[in-house]
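A.B. asks: Below is a structure I'd like to ask you about.
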Amino acid sequence: MLNPQLNKNGELQHLLTIEGLPKSNIIHILDTASSFVSIGDREVKKVPLMRGKSVFNLFFENSTRTRTTFEIASKRLSADVINLNISASSSSKGESLLDTIDNLAAMHADMFVVRHAESGAPYLIAKHLGDTGQSHVHVVNAGDGRHAHPTQGLLDMYTIRHYKKDFTNLTVAIVGDILHSRVARSDIHALTTLGVPEVRAIGPRTLLPSGLEQMGVRVFTDIDKGLKDVDVIIMLRLQNERMSGALLPSAQEFFKSYGLTTERLALAKPDAIVMHPGPMNRGVEIESAVADGKQAVILPQVTFGIAVRMAVMSILAGN
């Protein structure tokens, strides 16, 4: 089966999901990102790799880190960035998603960065562009529903590689609302592709999706058992905006049962790192002493995210 993200030469055409993305492509993105990290320390934080290219940011859901870092990444590559104000666009007047895409493509767009509440929306856009003879326009998925958040997954892998050097001897725990988390899905696919021998999912039964075991994940409903001797902890927030029904008694009860405290962190290896994709809810999934502690690498994740998104866009642009 053809991978819709790759061209006939196996090169990245779009970035829609980490699922099915070959290990070689992931490593290429991480290695390329390494060459971009130091740009942030320069007096002039720009390289001309996408000069003359137009990048349209289409965020149909709210975002702080992802939208901002994509904009910074585009500008550091010298691209022209257009941020579409969705609430003030014609989509709020009933224009279909694909009609919006056609009109923006007619403005000579080179790349669309898309966040959408509906799973599969970026794939639909990429397929439409191919079907209408516009396959030269690239699509980057910046998060679609519960489905995928590939650049977050990639920046998480970059962060892990930066601090742990190698993937093949790690135990990684993902903790919290995994049911509604596109980040968890992207991280799991990336971790297993890169050869992590043990990936653990920790959370209440109501927030654990079916099929985790089939993905090679060990499931724990007891956080104390799940955190024992892990190398990496990835905390996830409660996605209340995606929940329907009473999946939890309260945020306070969740913290009592699944919040990452200094006492629970001590169950992991002494050099374990703590990650979080944000936004972070202190006192719900993580206590401040851990979030601000020496084992937390949450802010470096954000910094690395710029370089990783630069790498993705640069590769898509043919560099």
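Residue positions begin at 1 at the first shown residue.
Including glycine, each Cβ sits where the backbone N, Cα and C put it.
Relevant sequence annotations retrieved from Swiss-Prot are reproduced here:
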BINDING   Arg65, Thr66, Arg115, His149, Gln152, Gly278, Pro279  carbamoyl phosphate binding site
BINDING   Lys93, Arg182, Arg237  L-aspartate binding site
A.B. asks: Which number gives the other C-beta atoms within 10 angstroms of the C-beta of Pro279 (carbamoyl phosphate binding site), all protein chains shown included?
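C.D. replies: For Pro279 (carbamoyl phosphate binding site), the 10 Å Cβ neighbour count is 10.
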A.B. asks: Using Cβ atoms only, which residues of the same chain lie under 8 Å from Arg115 (carbamoyl phosphate binding site) while being at least 6 residues apart in sequence?
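C.D. replies: The list for Arg115 (carbamoyl phosphate binding site) reads Leu58, Phe59, Phe60, Glu61, Ser63, Thr66, Arg67, Ala142, Gly143, Asp144, given in order along the sequence.
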A.B. asks: Where Gly278 (carbamoyl phosphate binding site) and Arg237 (L-aspartate binding site) are concerned, what is their Cα separation in Å, rounded?
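C.D. replies: Computed Cα spacing between Gly278 (carbamoyl phosphate binding site) and Arg237 (L-aspartate binding site) is 7 Å.
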A.B. asks: How far is it from Gln152 (carbamoyl phosphate binding site) to Arg237 (L-aspartate binding site), counting Cα to Cα, in Å?
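C.D. replies: The Cα atom of Gln152 (carbamoyl phosphate binding site) is 14 Å away from the Cα atom of Arg237 (L-aspartate binding site).
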A.B. asks: Among the binding-site residues Arg65, His149, Arg182, which residue has its Cβ surrounded by the fewest other Cβ atoms within 10 Å?
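C.D. replies: Each of the binding-site residues Arg65, His149, Arg182 was scored; lowest Cβ tally within 10 Å is Arg65.
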A.B. asks: What same-chain residues, at least 6 away in sequence, bring their CB to under 8 Å of the CB of Arg237 (L-aspartate binding site)?
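C.D. replies: Residues satisfying the criterion: Gly176, Asp177, His276, Gly278, Pro279, Met280, Asn281, Val284, Glu285.
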A.B. asks: Look up Gln152 (carbamoyl phosphate binding site) in the DSSP assignment and report helix, strand or coil.
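C.D. replies: Gln152 (carbamoyl phosphate binding site) sits in a helix per DSSP.
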A.B. asks: In DSSP terms, helix, strand or coil for Arg182 (L-aspartate binding site)?
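C.D. replies: Arg182 (L-aspartate binding site) sits in a helix per DSSP.
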A.B. asks: Just how many other Cβ atoms lie inside 10 Å of the Cβ on Gln152 (carbamoyl phosphate binding site)?
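C.D. replies: Within a 10 Å radius of the Cβ of Gln152 (carbamoyl phosphate binding site) lie 26 other Cβ atoms.
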A.B. asks: Between all pairs in Arg65, Thr66, Arg115, His149, Gln152, Gly278, Pro279 (listed as carbamoyl phosphate binders), what's the biggest Cα distance, rounded to the nearest Å?
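C.D. replies: Site span for carbamoyl phosphate, by Cα atoms: 16 Å.
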A.B. asks: Where His149 (carbamoyl phosphate binding site) and Arg182 (L-aspartate binding site) are concerned, what is their Cα separation in Å, rounded?
C.D. replies: 6
A.B. asks: Which one of the binding-site residues (Thr66, Gly278) has its C-beta surrounded by the most other C-beta atoms within 10 angstroms?
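C.D. replies: The residue with the most neighbouring Cβ atoms within 10 Å is Thr66.
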